[in-house]
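First comes the structure, then the notes that go with it.
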């Protein structure tokens, strides 16, 4: 899914400055917004062409997280949050979820686990086994999002077949303590730099709409840009009941689109993915994410909430005259051009789940 963020840019394409970004981030209506979207789309086409990549995930371990990230229903600290709670699923189920995502058009597949980090050797071993099987049995590019990681652990995962590591900054440094207090911004940077040092492709973004200012959205983008990440997943807050941020009002579709466009102009070479919250925040304007500069999005369900049916996501891409980008693993891709409908997807997903554990408060 992701190429290096140092991709050579076409003539005439240069990143905009932070000062210009802070001006443009306020262009959220009328001709100013239209011009901003046109500019972002032109950069996307010039650098990335007309291909869109899809990413699928599995929530491999859910709930009971000791962190206090204010947006997340998986925290054990929040009374009333109702995320599912279960231990690490088996490698076989992870691989089956990857097969489903691949058939739905996913280029990359990410193994996501709740918690500060993997707490047990057995969990790491399960992910290693799953990665080996993903490389052997599917065409998808394996990714993992497992919290804070050290170099030895990341090396084991890379040796097992990991291609991408995902770890979000979540928000600007100046706003981070308003969102999370149980780990630091710098701890997140350490994980990202460790992954980069091993040559893994980096996926790091965050969530917009968590009470930050427009200027802090630009600050966040500057920090992501300076890390030299390959992929920037952009989420929009979908407030979850029982969390500290549940009271926040969704930002407008125009604010979402302006932020995406500014991010594209700041980071022309990065792959920008629109992920969680697009249905809630953009509604019937979801198709405009590509005009705003995105060249990737998610297919299937999110961690703790349902996404669109895969055929609707693929249809959204095709309506814009865009095509799906296949994996770069050199293996035959299982996607045949026909993503499953909602009914088909739900029927295939109705498989036995691990027995839920009691929530620990």
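Cβ coordinates come from backbone N, Cα and C, glycine included.
Listed features, source Swiss-Prot:
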{"type": "BINDING", "residues": "65, 69, 72", "note": "[4Fe-4S] cluster binding site"}
{"type": "BINDING", "residues": "110, 143, 203", "note": "[2Fe-2S] cluster binding site"}
{"type": "COMPBIAS", "residues": "339-354", "note": "compositional bias 'Basic and acidic residues'"}
{"type": "DOMAIN", "residues": "47-278", "note": "domain 'Radical SAM core'"}
{"type": "REGION", "residues": "323-361", "note": "region 'Disordered'"}
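Locations of recorded Swiss-Prot features on the structure.
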{"residue": "65", "record": "[4Fe-4S] cluster binding site", "CB count, 10 Å": "23"}
{"residue": "69", "record": "[4Fe-4S] cluster binding site", "CB count, 10 Å": "23"}
{"residue": "72", "record": "[4Fe-4S] cluster binding site", "CB count, 10 Å": "25"}
{"residue": "110", "record": "[2Fe-2S] cluster binding site", "CB count, 10 Å": "26"}
{"residue": "143", "record": "[2Fe-2S] cluster binding site", "CB count, 10 Å": "26"}
{"residue": "203", "record": "[2Fe-2S] cluster binding site", "CB count, 10 Å": "27"}
For the domain 'Radical SAM core' (47-278), mean pLDDT (0 to 100): 96
Integer Cα-Cα distance in angstrom, residue 203 ([2Fe-2S] cluster binding site) to residue 69 ([4Fe-4S] cluster binding site): 19
Rounded Cα-Cα span from residue 72 ([4Fe-4S] cluster binding site) to residue 110 ([2Fe-2S] cluster binding site), Å: 18
Spatial separation of residue 143 ([2Fe-2S] cluster binding site) from residue 65 ([4Fe-4S] cluster binding site) - C-alpha basis, Å: 21
Chain-mates of 65, 69, 72 with C-beta within 8 Å of site centroid, [4Fe-4S] cluster: 67, 68, 71, 73, 74, 75, 114, 180
Separation of alpha carbons, residue 72 ([4Fe-4S] cluster binding site) and residue 143 ([2Fe-2S] cluster binding site) (Å): 21
Residue 69 ([4Fe-4S] cluster binding site) - helix vs strand vs coil (DSSP): coil
